[in-house]
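Over in TrEMBL, the protein carries these features:
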type     : residues : note
COMPBIAS : 707-734  : compositional bias 'Gly residues'
REGION   : 421-444  : region 'Disordered'
REGION   : 600-619  : region 'Disordered'
REGION   : 698-734  : region 'Disordered'
Amino acid sequence: MTFYRNNEKVFKISLVLLGIIVIFSLGINTASAANNSKIYVNTHGNDNWDGQLAVWDGTSGPKATIKNGIGTVLNGGIVNIAHGTYNEHDITIDKNMTINGSGHISTIINGTNNDRIFNIIDDLNIIISNMTITNGKVSDGLLGTDPGGAGGPGDDGGAIYNQGTLSIINCIIQNNTAGNGGKGGSNKITGTETIGGTGGSGGSGGAIYNSGTLIITNTNFTNNYAGSGGNGGDSGDLAGFGGFGGSGGAICNYGALIIINSNFTGNQAGHGGPGGIDGYFGGYGGLGGSGGAIYNFGTLTISNSNFASNQAGHGGDGKDGKGGLFIVISTIGGEGGSGAAGGSGGAIFNFGVLDVTMSSFIGNNAGNGGYGGNGGHGGDGIDARGGGSGGSGGQGGSGGAIYNQDTVTIKSSIISNNYTGKGGNGGDGARGGDGARSGYGGNGGPGGQGGLGGAIYNGIIKNDTFSLTGTIDLVDSTLNSNYAGYGGKGGNAGRGGDGANAKTAGNGGPGGQGGSGGVIYNQGILKIQSSKINSNHNGNGGYGGFGGHGGNGLDAGSGGDGGNGGQGGLGGAIYNNGTLTMGSSELNYNFDGNGGNGGNGGSGGSGANPRGAGSGGRGGEGGLGGAIYNEGTLTVRSSKFTHNIAGNGGFGGSGGDGGDAKFIGKYGGNGGSGAAGGQGGSGGAIYNERILTARQNDFTSNSAGNGSKGGNGGDGGSGVWPGKGGSDGSRGYDGNGGTGGAICHQNGTMIISNSQLINNKFGTGGSTGKGGAIYTNYGDADILFNRIIGNSQFEIYCSGRAADARYNWWGSNGNPDKENKVKSAYYDPWFILTIDPSDKVKQIRNGEYETIRIIMKLTTGSSFSFVSNVPIIFADPSWGSYEGIVPTIMIGSEAIVTYHANGNLPFPNLVEISATVDGVKMITHLIVDTTRVSNYKVSNYIIDLNGQSYSASDMSINDLSTINDLSAALNRIILNIGINEGILNTGSFNVKNLLMTLIDWINTYIDKIQLKMLPWGSYLDTLRIILDLFLKQIYTLIPS
């Protein structure tokens, strides 16, 4: 029993102790759980420590790794990370928390290019602040399996993959990379049509892939990269296509994204993969990735942020075709693969709602188009075959800063020095095979078009079931020095194969058109208000490729023609194919692209029967619309267009030389003809093909483009006697100058009113352009109430339907038709200048005021409100002064000045007042009732108008003033005479009697009147002036 009792005691004691331990343990765990709401991490910590303190105190201390700290912290807690570098990756965040570093420079999380750094799962709220996140890199796509399997896609989100709500504050996120696409699998199985596998797409979101909500504040994204597309797979027939480049160099957003006070610099979307090799047909390149900084498919709001030097991906290059086989009946050479289009949106690609305020976009670039592959040579043999043609160059990416296909609002922002992509060069055509019957040379591939919208591309998407129109509101912003891309060069052609029956060479590929819309390419709805759009450029057209050399042989082949040069880009500032409304803005010094030069023709083949050479390619036409190209609906009000220039035409290519004869009695081949030079672009400011309404605008010093020289003809080939040499080719015509120095209106409806068109010029060339200010062809045109001066003649030129050009001021009161200012337009009535008071002289008294009006009136006498702010120059009056502010502009057809008669006036009392408007001088005269006393000594007697005699031997100027009472209403005549006669009292004579009395008096006393002190010389001059004044109905005479 005792033992039992003892054991019972022991057992009871053990239960008590166990209870105490459990309670104690629970107490400790409860305290620990409470403290886990805040965890500390330090490079000097230990993951076995509890993380309760920032430094070890003997019982508690920081964690060593961020991953452990995040795993330890409670839901909604804070992880505080000390200074230092943490080489970590693959950290999954599965609860709400704040991860806070000690400084955006001093706390560094380095993924060491081994994996993504943070994975954030759904429905969480996460804050990351005060740290650098760098060198995250996710996996590349898997290689495609043989035969012909597609390459795998690269993973998305190099540093962060977010599916929750993430706020990033005061961080640096740099040098992170999404995965590259895998190479397509090869397919070289013989006996079947084989196609190489397509390369995998590059991963998107070089730094962040967001499908949740992302808020970024005070953070820098630098040098982050989306993944490049994988190479196309190799094949015996058709090589695989390159994979697409990944989008969003910094961020790929499919959710909601807000960016505040942040910078995006040097980020890059992925390049498209090149096509596969070893294919009979060369592989096509993959599309470049879009959105150098951000690819947005959700809602994006940006304020006070900067986007600089970001780059969309380049399109992948097409690869070369394979050469034909050498057998009895040979095979044709394979065609080169086409280059792919470059990625769009150098900074932002937007397919959602984008709102930008007080931000800048500087030096961003859309991707260049890939180069076309070269064709494969034709197979040699008895029956040889032709060479393959070169592949097409890819189009340059569009939207140097922003590519939009939804809704964009931009306010108070700067968008400058952005570039769309250049078009890729076309591949070269290959030679034809040599043999008894040789092969034709392959044609050069066409160059790709330059990218559209140097700063902004605003487009539409429309199909049978879906329609989306891009909308942009642009307010109080500056868009300067943006560039649309150049067109790619056309590929050179292959020569014809040599042989007994030689063949013709291929033709050079055409150059690509230059990119249009130096600032904006608009297909949707665009509103621009209070913005400055200056010094932007369209792309030049690409050069045409050279024609190939004709094959040599008994029967030689002809040379190929040179490719035509590409047209310069359209709309130096804006290309509008949608609806554009603009107000209170400036468009100055914008330039269309020049046309590309045509390629030279190839030489003819030599032989027993030599052949003629190829012709040169035409020079490309200069771009149209130096500031705006419109084929939509354009409304412009209160805006300024100055020094904009449409593009010049390209030079025509020269013809090739004829082939030489190699046998006796044979004639040489004829030289090829030179091609025409390109025509200068039309519409120095605006080219309109649809609906244009422009009111209260200023069009000054804009110019249409110049035409360029035609190409030289080629030399004829040499003959062998008695045969003669071939004829030389003719020289191409010079291109005509562009029409419409300010505006070219081809079709549709146009209204130009209450505007100024000054010093605009059409282009020069083989034939000069027409319409120094406006050229109209077909469609309705109303040109009313405008100031049209100093433009090349004819200033308004109508080629088709006559325009209504009435109610305009032409800088002259003369007939505008007779002065060669207008051609084939209705112009009568027109405005003329008038002055009030008119040229009939009006009398006022000294000290009084007179209102002078310069007025524009129609030839019918009617008065209408006219263009405001027309400069006017009032010359200083010949006597007196103007009161108050003298106007320098006319407002609403009128300028008013107040004249004040406030001084001494020499005889006669005629005051001239003049004003000049546009070189037209208007003059009026006033007669002022006053007396001027000259400062001289008087001999003998002075005879005043009251008949009183005074001794004048020592009389002073003050005495004379007193005698003549300058304030009196009566007029006075003061003469210096030698006898006490000649009293004149004007109060008792009318004007005619006064004049006759004065003339009689002068005749009576002509030998005694002392006139030598009069300022104009002899008394005869005085008499002439008096008579002249009388004939002009001057009612008062005031001699001195």
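A Cβ is built for glycine as well, from the same backbone N, Cα and C atoms used for every other residue.
What you are looking at is a predicted structure, and each value in this text was computed from that prediction instead of being measured.
Residues 595, 598, 600-601, 603-604, 606, 610, 612-613, 615-616, 618-619, 648-680, 763-767 of the same chain sit 6 or more residues outside the compositional bias 'Gly residues' (707-734) yet have a Cβ under 8 Å from a Cβ within it. Tertiary proximity for the region 'Disordered' (600-619) is limited to same-chain residues at least six positions away from its ends with a CB under 8 Å from its CB atoms, namely 493, 495-496, 498, 502, 504-505, 507-508, 510, 544-565, 649-663, 666-678, 708, 710-711, 714, 717, 726, 729, 732, 735. Per DSSP, the secondary structure of the region 'Disordered' (421-444) breaks down as 0 helix, 1 strand, 23 coil. As a summary of secondary structure, the region 'Disordered' (698-734) carries 0 helix, 4 strand, 33 coil according to DSSP.
Per-class residue totals from DSSP over the region 'Disordered' (600-619), listed helix then strand then coil: 0 helix, 2 strand, 18 coil.
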